[in-house]
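Engineer: A single structure is presented below for examination.
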């Protein structure tokens, strides 16, 4: 027998399920936020801006497909760090696909969607973009750990890599699925977002806070990576001659430029959207006109998925060569096992070991044995 206390819960669940299939809810929420009139006046098929955005998304999809093909076809890239780069390419590819679908289902088509379909349309974007940002954080964590240990990760660390990658997707799915699981404003019209009329403002604030913390974490990790490299470079100046010290300083400056590019692009792509979402939380309905231009801010964040393959892949010399071979429809190299394997530590940086690292001699202090060399943004550790 169902208890009296559970009856309200059952009724609420039934009401929520019925609301998810109610077409009128979309119209009601868009009308409340002022987006309904905008849609009626301007939406006559696909807008020119939408066509441009779709073309950009197609380019993003293609370049990330080539990155995945490069990693898949090149055996020497079947290593933990490249799994992270492959995961980033996959999430960026899905971001391009999700935004293309979002654009095709926008405009007048929006009012033909049920709330459940609307949540899937927007939630897929949140999942893909969240996975992309979490992947950037995972890469920063992996490279920071690599710098701390000053040695290549062996196969035993594959489990940690897959654990981090799995965590990226699980957290992203949960984050993107919260609205359809109940954290929405269907029953509270006054709490609705203007940018996303079925999303609760508290959810928007929560997501903005999470992404801001991720951004700060990535900035801190890359600053720490540069600090570690700079510190080890200074140690060498006390043991090497003036010419080597000067050369080390120049290469450290090149590394700093690489870090600045990475962080500047990331902040430039995401900060405008963060600011817009904070305005959305603070503004009442129909009071902030800038909120009706949200697609320009969102496409800027999606553009980050187009810059990631350039920054995180093509700055690696070996990946760049393999990438060009894939594009040229040539066979990918099987990899020279006798050669040095280079692993990126930060974008545009590669990490390698000399053969003497495999000797039976015990490892000495950083200042005694491993010489940290920074050239053109590439970091190598050699004996």
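Along the chain as shown, residues are numbered 1 onward.
For all residues, glycine too, the Cβ spot is worked out from N, Cα and C.
The sphing-4-enine 1-phosphate binding site annotation in Swiss-Prot covers 121, 122, 266, 267, 268, 269, 270, and the record cites similarity to another entry as its basis. Taken from Swiss-Prot, the feature compositional bias 'Basic and acidic residues' covers 352-367. Per Swiss-Prot, disulfide bond is recorded for 185-192, 283-288. Sequence annotations record features per position, and here Swiss-Prot assigns N-linked glycosylation site to 31 based on sequence analysis. Per Swiss-Prot, the feature S-palmitoyl cysteine maps to 329. Among the features that Swiss-Prot reports, N6-acetyllysine is placed at 11. Residues or ranges marked as phosphothreonine in Swiss-Prot: 237. Under the heading phosphoserine, Swiss-Prot lists 352, 354. Feature annotation from Swiss-Prot assigns topological domain 'Extracellular' to 1-47, 106-117, 184-197, 280-290. The topological domain 'Cytoplasmic' annotation in Swiss-Prot covers 70-83, 140-161, 226-258, 312-383. The transmembrane segment feature in Swiss-Prot is assigned to 48-69, 84-105, 118-139, 162-183, 198-225, 259-279, 291-311.
Each of the listed features needs to be described in terms of its position in the shown structure.
Structural biologist: Shown in sequence order, 300 are the residues of the chain, 6+ apart in sequence, with a C-beta less than 8 angstroms from the C-beta of residue 268 (sphing-4-enine 1-phosphate binding site).
Counting every protein chain shown, the Cβ of residue 185 (disulfide bond) has 22 other Cβ atoms within 10 Å.
In sequence order, 194, 279, 280 make up the list of same-chain residues 6 or more apart from residue 288 (disulfide bond) whose Cβ falls under 8 Å from its Cβ. In the three-state DSSP scheme, residue 288 (disulfide bond) falls into the coil class.
Note: the topological domain 'Extracellular' (106-117) comprises 9 helix, 0 strand, 3 coil (DSSP; helix = H, G, I, strand = E, B).
Long-range contacts of the topological domain 'Extracellular' (184-197) within its own chain (CB-CB distance under 8 A, at least 6 residues past either end) are made by residues 16, 19, 25-26, 28-30, 32-35, 115, 119, 122, 203-204, 276-277, 280-281, 283, 285-286, 288, 291-292, 294.
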Engineer: Please report the distance from the Cα of residue 270 (sphing-4-enine 1-phosphate binding site) to the Cα of residue 283 (disulfide bond), rounded to the nearest angstrom.
Structural biologist: 20
Engineer: Rounded to a whole angstrom, what is the C-alpha distance between residue 192 (disulfide bond) and residue 267 (sphing-4-enine 1-phosphate binding site)?
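Structural biologist: The separation of the Cα atoms works out to 27 Å.
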Engineer: Provide the number of Cβ atoms within 10 Å of the Cβ of residue 270 (sphing-4-enine 1-phosphate binding site), excluding the reference atom itself.
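Structural biologist: Taking every protein chain into account, the count is 20.
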Engineer: Please list the DSSP helix, strand and coil residue counts for the topological domain 'Cytoplasmic' (70-83).
Structural biologist: 11 helix, 0 strand, 3 coil
Engineer: Just to confirm: which same-chain residues, 6+ apart in sequence, have a Cβ under 8 Å from the Cβ of residue 122 (sphing-4-enine 1-phosphate binding site)?
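Structural biologist: Listed in sequence order: 102, 179, 196, 198, 199.
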